[in-house]
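Take a look at the structure below.
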Amino acid sequence: MSKKSGLSFLWLSAVAFVVDLLTKYIVVQKFDLYESVNVLPVFNLTYVRNYGAAFSFLADHSGWQQYFFILLALAISGMLVYFLAKNNAEQKIQNSAYALIIGGALANMVDRAYNGFVVDFFDFYWDIYHYPVFNIADIAICIGAGLLALDAFKSEKKKVQDKQVEKCGQK
């Protein structure tokens, strides 16, 4: 009997993908560019266009970066799907991380390929200092990266514990 692979976590990619594109669609339909609605004293919904990557990285270049980011999203997503296929479904943290990164990367890629930019709208600030505006796909990618770090930490801790148990058994 073969064990279930990590591919069963791709539903999480689909959820991140659909929720991101749906929220971007709503923002584009309901907001004018740069329109901002105050939600909390430290949070606005603000429609902006990001022509670069995270934190508008490479946004001021001549347009080649759009193709670079599309290829990068496809390459990373392909690699992570391969990792999911190789993983056992019981590796829940790592599989969830990969799936969230895939969903976020592909959603931003579709937005970039269709529009030539990525729609961002979550705007957190304090006084006059604004954090870079971001979207659901960015959140999915960041949560995925955080889960990978957590998984690596847990795996390293388990290795240390296993070595300690092994040493105790040799005495």
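Just so it is clear, glycine is given a Cβ too, placed from its N, Cα and C backbone atoms.
Database features (Swiss-Prot):
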TRANSMEM  8-28  transmembrane segment
TRANSMEM  64-84  transmembrane segment
TRANSMEM  99-119  transmembrane segment
ACT_SITE  Asp120  active site
TRANSMEM  133-153  transmembrane segment
ACT_SITE  Asp138  active site
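Across 8-28, 64-84, 99-119, stretch 99-119 shows the highest tally of CB pairs under 8 A with the transmembrane segment (133-153). Cα of Asp120 (active site) to Cα of Asp138 (active site): a distance of 9 Å. Sequence-distant neighbours of the transmembrane segment (8-28) (same chain, 6+ residues past either end, Cβ-Cβ under 8 Å): 45, 47, 81, 84, 89, 92, 95-96, 98-100, 102-104, 106-108, 110-111, 119, 121, 135-137, 140.
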